[in-house]
Amino acid sequence: MKVATAPQKFCYTNAETPKWHDIWTRMQIRVVSNKMIRVTQVENEEKLRELEEFNMWNFVFSFFKEKLNDTYIPVDLYSEKTCLKVELPESNTNYSVVLLRWFDPKLCLVSFLGLLLFFSGDLLSRSQLFHYSAGISIGMLASLLILIYVMAKVMPKKSPIYFILVGGWSFSLYLIQLVFRNLQEICKSYWQYLLGYMLLVGFASFAVCYRYGPLENQRNINLLTWSLQVLGLLLMYLGIQIRPIALALIAIAVCTKNLEYPVQWLCATYRKVQKATAKPSPPRLLTEEEYRLQGEVETRRALEELRGYCSSPEFSAWTVVSRIQSPKRFADFVGGASHLTPNEVSVHEQEYSLGGLFVEDQLFEEDEDDSFEGEGRADFSVSRNHLGVE
């Protein structure tokens, strides 16, 4: 900390090498005075000597520099030297220069906000809540810029008002910066006007967002998604002060975001290789009940298809009737009657029922086969005994 009463030039030489634990560390030079002063920051001592020389641009820019009694000058962790010049417009001014180095939770918040935007950009671009909240926020923060843009659209192209509009953009940006710098004082002293401004501009922004609605075109949604992801990466880079760590985390985030595609490809390749090398499993055989049910279902479906074809215009009814023996039975079948007569059903039941002739023949054939195998085994044992006795 240095205390002075006269205009001076100060230079800070950074001798510390940034470590990994300084990822959210901020450095600032604070100049506090009892009266208004003007502080100019330069990169090195050579630039300070250039400020001492008379230059028309330096003379013009000196009128636009703010005079404050509390000034913060950011210092990069990787900068080797930071110089500043303190000018005293008024006499009897006392000021002090202090170097501050501390853990800044705002940088941590910015980093995690960037991480959230990068991984949730595709969801936010389709969210109606994000659409309205982002529209209202942009409307309240940049209402002057939007007003100047609308005026530029309305004004004729060859109008001298464009010079005023260009100055209006610069004035709007300066005014936004000034409001953010004195936001705490504005909230304390002029909270009524601030509340009225937020309600009025917020309602107008909501009306505009409601009029145009959320994005529906897929290309516009993709553009918004990519914009949010790029903004998230930029916030991650700005929030982390150690640049190699910031680049490494950005690379990890990008690889993690797109890791699903190579993983899906590897899984699909593994399934194909496994399917090609695995032995084919034998097909499952139907049980008797399943075989009976499948036969009934397929027979019924085939009969319905036959009835539908016979009722269609493509079917030549006279040709078929002239060739079949019972046209009346065929007509009844097409009309929905059964394809079997009662006599055919009774004959089928006599032959294929539990006590039918077909089942008895099958049983007798199995008994004859078993008895033949038993007699063969008995003859073989007898002959073997005779051979053993001899």
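Quick reminder: no glycine exception, Cβ is built from N, Cα and C everywhere.
Pulled from TrEMBL, these are the features on record:
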- 130-150: transmembrane segment (TRANSMEM)
- 162-180: transmembrane segment (TRANSMEM)
- 192-210: transmembrane segment (TRANSMEM)
- 230-254: transmembrane segment (TRANSMEM)
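Sequence-distant contacts of the transmembrane segment (192-210) (same chain, at least 6 residues past either end, Cβ-Cβ under 8 Å): 131-132, 135-136, 138-140, 143, 186. Long-range contacts of the transmembrane segment (230-254) within the same chain: residues 18-20, 22-26, 77-78, 107-119, 121, each at least 6 residues beyond the stretch ends and with a Cβ under 8 Å from a Cβ of the stretch.
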